[in-house]
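Got these off TrEMBL a minute ago, pasting:
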type	residues	note
TRANSMEM	7-24	transmembrane segment
TRANSMEM	40-63	transmembrane segment
TRANSMEM	99-119	transmembrane segment
TRANSMEM	125-145	transmembrane segment
TRANSMEM	189-208	transmembrane segment
TRANSMEM	214-230	transmembrane segment
Amino acid sequence: MKVGRYIFFIIIGGIIGGLIGSNIERVGTFIASTNFSGSRLNLIICVSTSLLILALMLYQWYVQQRSLKYKYMISNVDDGSDIDHYEKQATLDYNKVHIIAHLQLAIGFIAIFFIALGNAAPNEFFYALIPYLLTLIPSLMLGFYSRRFDALLPKIAEKHYTEKALALLDDGERHIVLISMYKNYQVNLVLLIMAIVFIGIFSIYTGLNQTPGLLALIVIFIYNSLGYLIKLRQFYKA
């Protein structure tokens, strides 16, 4: 089954690569001919994404308060079935808060993408920066909230943060987290390889210099792939 699956992925990759190669000139022409420029349009992108981030920020605060309320209820009820219900709801809200926070970051990045796509003038730099700066607020909210939700959680950037955070999980949670992280690691490497190849071919074929982005992707690939393998080797050599 595994051999068949790999062959299937190779065939799919070949088809996708063929489609990209045959249409890459059209993509370059489309990007070159599409007009996303203009101060007014950039201002609209900035304002709309900023308002969306602010709305999500308020929703994040609401979900945070609701999860903390569930945590308070857990320590103030006697019925075991109610405790399980409140604990489940608190955990789901805790997860939702993180999703909302990361969604706001994604919106900030998308705003930067569209403004950069239009080759914004240097004096319009703040149009791209404002939505991203707004995402710093929910990130700070998330940091303080996590400590209130569980006082045992390590502080962000604390030494051995990952080990301490995993130690708080039970065996089942730790199993799910590690499997998810390893799957994401493998998928990220594949996506990085595809992105490096695509941007490299795109840059060569269209004449649009993508060197900074290509260099950043290569550095990220080296860090992710070799960093993990080197740590694994050190563990077995210890």
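Just so it is clear, glycine is given a Cβ too, placed from its N, Cα and C backbone atoms.
On this model, are these features tucked inside or out on the surface, and what's nearby?
Sequence-distant contacts of the transmembrane segment (125-145) (same chain, six or more residues past either end, CB-CB distance under 8 Å): 42-43, 45-46, 49-50, 53-54, 56-57, 60-61, 64, 68, 97-98, 100-101, 104-105, 107-109, 111-112, 115-116, 156.
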Residue list, the transmembrane segment (40-63) vs rest of chain: Cβ under 8 Å, 6 or more residues beyond ends.
93, 96-97, 100-101, 103-104, 107-108, 110-111, 114-115, 118, 120, 124, 127-128, 130-131, 134-135, 137-138, 141-142
